[in-house]
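According to Swiss-Prot, the protein carries these features:
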- 49, 50, 51, 52, 107, 112, 113, 114, 118: substrate binding site (BINDING)
- 50: active site, nucleophile (ACT_SITE)
- 97: site 'Important for activity' (SITE)
- 187, 188, 189, 190, 191, 192: NADP(+) binding site (BINDING)
């Protein structure tokens, strides 16, 4: 048995690769079922965010090739096109990696909290698909507990640092004052909600939220004093936008070059600041060719987030120490599973001997045999049944000069050293 992580993230693959490897929410269930159908896979979960796609599997063996082939087939990749971007971890490496990811230590912005919620969503999706069992369920729960401990015991999450926060910081560098500006947020998930909060805290003039589900946009707009529209209405409102932040789960771009050309004419080429946080992208890359447009993707934000690293280095070191302990705790549990199964089998075998002997003893009592004789027979029978197999194995170990087995048996049965 092995536990595998296989995936890509913002450090190993550009956005053009990550967007092709992303699994939209509506495709997760079928993808998980296809994955669990592989004969090598016992349990599986998929984490798919803007910055990473990772597959977690409990495998029979350590061959990751079937998982790579499955990923290529799912996302229409040739092996040579994807292998250079993939990373993998096994067992302790997987445990440590998942703990670090959940704590935000592997994120574009060190310590960002959103990833923990995304991992919980990934686990819930796998539960609903019926693809997680004892091992991954325990691992996810320990991952969540480790992340909680890190955030409680260190300062890793004290300041509001996230991709959304970095986007607003970038906007503040381009515009002196947000108070006279209009921002359109496309989507209504956690990233957009966080962006809306940061914009409101920085006193944005007007806020418009566009979403495929109007009710969700309306709820979010009410929360932050904004105005809700549907995605169908977005093109006619585009000219109002000084700032656009997009983060949906759409498999195809929502806004193209033509929409922005029209908006810029209406704005008389007043600049537009656009941040596309979605993977796959919500905004066609060709929009960047337009004058008076400042288009940034999640990859571009890397330069901004580097400024946040210095203040979190000490907290990150403390977090790594906590993770070291948590990894060892989980490994201890994992190592104990083989012993647990053996203990269960030994107990089951002993109970079978007990039940058989007890039934015979009860029959003898009903036939009038004395209780004392029956109890003596029962005690002798149980003793012989229980020690027969280990006694035979110990004797055979002596014949084969396996002193290690004999010594292990003395330790197992807590026998005193014969020389003392």
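Glycine is treated like the rest: Cβ placed from N, Cα and C.
On the structure: features taken from Swiss-Prot.
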residue : record                        : Cβ contacts under 8 Å, 6 or more apart
49      : substrate binding site        : 115, 118, 279
50      : active site, nucleophile      : 18, 22, 163, 191, 247, 277, 278, 279, 298
97      : site 'Important for activity' : 5, 89, 106
107     : substrate binding site        : 51, 101, 115
113     : substrate binding site        : 104, 151, 157, 162
188     : NADP(+) binding site          : 209, 211, 213, 216, 217, 219, 220
189     : NADP(+) binding site          : 247, 248, 249
192     : NADP(+) binding site          : 164, 185, 186, 209, 220, 245, 247
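The C-beta environment of residue 190 (NADP(+) binding site), restricted to residues of the same chain at least 6 apart in sequence and closer than 8 Å, consists of 114, 117, 118.
Residues 187, 188, 189, 190, 191, 192 make up the record's NADP(+) site, and a Cβ search at 8 Å around their centroid adds 185, 193, 194, 195, 247, 248 from the same chain. Non-local neighbourhood of residue 187 (NADP(+) binding site): 210, 211, 246, 247, 248, 249, 278, 282, each in the same chain, at least six residues away, with C-beta under 8 Å from its C-beta.
Of the chain residues outside the substrate site list 49, 50, 51, 52, 107, 112, 113, 114, 118, 104, 108, 115, 163 have their Cβ within 8 Å of the site's Cβ mean position. Among the residues the record lists as binding substrate, namely 49, 50, 51, 52, 107, 112, 113, 114, 118, the two farthest apart have Cα atoms separated by 15 Å. The least crowded of the binding-site residues 51, 118, 191, judged by other CB atoms within 10 A of its own CB, is 118.
Residue 118 (substrate binding site) falls within a helical segment according to DSSP.
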